Structures are given as C-alpha cells and as structure tokens.
C-alpha cells in the first residue's frame, strides 16, 4: 500500500452530492414483486424460454438479481456475472436482443456497446444509488474545474456521465487501470463511489479527487459489528466488496469485485466465509461451494438504518414477470441518442480493451485518451 499524494477527503466537495433519498428507496421497495410460487415460477420460466428462442434473445443477469432469474439465464445459454462480464458477454453474443436483468446503467452499457441490438430490461425504473447520486450536469461542472485531470468513472453511472469521462472502470479492473494511469503521471478525478475511490487511492498512491457518492447496500456495512462477528468466527474468511467503508475493507481477507469474491469462496480451502456485499451473490456461492458456510456481514448496529439490509431494492425489482412482459410487448427498451452512445462508447471500450490485454498479459503502450 502506498500513500496518496492527494487524498479524496482533503477536498471540499460540491454540495450537490447528497445521499439517495429515503423516498426513492421506499419507492423501489414498493415495486418489488412477490416471489412466485413454484408452479407459477415454472410456468413463467417455460414461457420465457420459448420467447427467448422466438425473439433471438439472450438473458444477461447480474449476481444480485433473484436466484430464479440467475438460474434461468444459465439454463438458456445466457450469462450471470458482474458488470464487466455482462458487458463483455453482451458485446460478443450473436443474439439480436439482449434482456438485461440488473439496473439501468447495465442496460445502457449494453446498448452503448451494441447499438445495433435491441436491449430490453424487466423494469426501466431499476436504478442505482451511485448513478442517481452523480447527475451529469453537476459532475461535468466539477470536472470542468479541474481540466488538467483525467476523468475516470465507475461503470455504475449514466451514459451521459460516461460520455464525459476518459475511462470507465469496473471493480474488476479499477486497481489495474488506475495503477496504469499513475505510472503515466496522470492526476485523476474519480466518480462516483467514494469508498471504492478511497480504497484505490490508498492502494495505488494515485493523486485522486473523489466524487462523494456511495452504494446504499455497501455503505451500510459496519466495521465494529463486523469485527465482533469475526471474533465469533475466527476461522472464517472475510470477503469484502470495495464499495464498503474503509473500516469494513480493513477487516477483509479478500477485497474485490463480486467475481473475485465468488472465486475466493470456491477456491479457498476454508469452510466458513463472512460476506460483505449484496446477499444476492450467496446463491451462486452456495451453488458452487455447497459444502461451505456463508454468513452475511452485519448492516445493523450503531448508526445502522438498514435501508437495504444487504439487498439492493432496484436489483430486486427484476422479476420473471418483468422479463416476460419485456419480451412479449417489446417495451422497456433502452434507447440512447446516437451521438451520446458513440461518446460513451470510447471510454467503455477503452476499459474492455485494457481488460482483454490484462487477460492476455499484454504490455500496454499509448492507450491513454486521445
């Protein structure tokens, strides 16, 4: 770990950066459908399977959505993954229609990368607190105040914010990309997640100014309560997503993206794990490691509000009924202005090219923004 030349919290950030309102969160939870009974779920799955074939469509799902949807995606030749894996899969798959089960920025990313494809979502109102907390006009004005800095934004942002950026990153490749930019002597603006940005700042020593957004799920994990839980289970491996507060990250044995945490849960020899991320990931962890025990990290305790209780309300808005509706009606389609999509594709494609190079262990030269 290195010491950053300029830390995020040394800077007086814009007042526009307010937490996602309790009203928005309540509205999201109010739209979450009841879990269907077994007979109804089986009927819906059969109908969706037929519709996917009929429409030349494929289901692309995030680890945080309903386990019924995750299983259906895999059963039909689709994808279950983190946001990087979803973007890569959608761009490479031959299907003419992508049904993206996740939150809106994921559907937008699919459309940005595949403008010729139809991109549908179970519910277009499935937002993300990070996206909501980073409005394009305010973020762009902040960037304009620091024209000498390279703008790096997390994938959890709107197409308009991506279009303002030089690089888009996911938690899977953020450390590597920021390290690369630091090696080029670049100073950065990072948005919107302050916890992930601060973690990267501390790990790389990069000169970063951070937008002060946060994820309502990961922001609720509590360091003091996690330490107490860890003391109760000293043999457990603590898995932490870096969108969590620093006090939680410091207790992690493994810190990384959902895919990295899943890989650790499956590959490590230990039999007990404490998991500090959205509990939707536990379904795939338990499937791939049925002999292991997974314990949810605490979100309650001192100062706890449990707005999410480790479940994203917008991810929970995805339903089998919503998928069927999108496929039968053709509605809930992601539509983007062509010029906006082209501008947003440049930093997003830059990340995918970088990630592909990492996979091949290539050496990168001259990949900075033009």
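Cβ coordinates come from backbone N, Cα and C, glycine included.
Summary of the site annotation: Swiss-Prot records [4Fe-4S] cluster binding at 128, 312. Screening the candidates 201, 215 against this entry identifies 215 as the one listed for that site. Site annotation (Swiss-Prot, ligand iminosuccinate) includes 62, 83, 154, 155, 156, 241, 242, 243, 258; from 140, 171, 179, the additional listed residue is 171.
Rounded to a whole value, the Cα-Cα separation of residue 312 ([4Fe-4S] cluster binding site) and residue 62 (iminosuccinate binding site) is 12 Å. The [4Fe-4S] cluster site, placed at the center of the C-beta atoms of 128, 215, 312, has further neighbours from the same chain whose C-beta lies within 8 angstroms: 103, 129, 130, 156, 216, 217, 218, 278, 314, 315. A gap of 12 Å separates the Cα atoms of residue 154 (iminosuccinate binding site) and residue 128 ([4Fe-4S] cluster binding site). The 10 Å shell around the Cβ of residue 241 (iminosuccinate binding site) contains 29 further Cβ atoms across the protein chains shown. Comparing the Cα of residue 215 ([4Fe-4S] cluster binding site) with the Cα of every entry in 62, 156, 241, 243, these being the binding-site residues, the smallest distance points to 243. The DSSP secondary structure for residue 128 ([4Fe-4S] cluster binding site) is coil.
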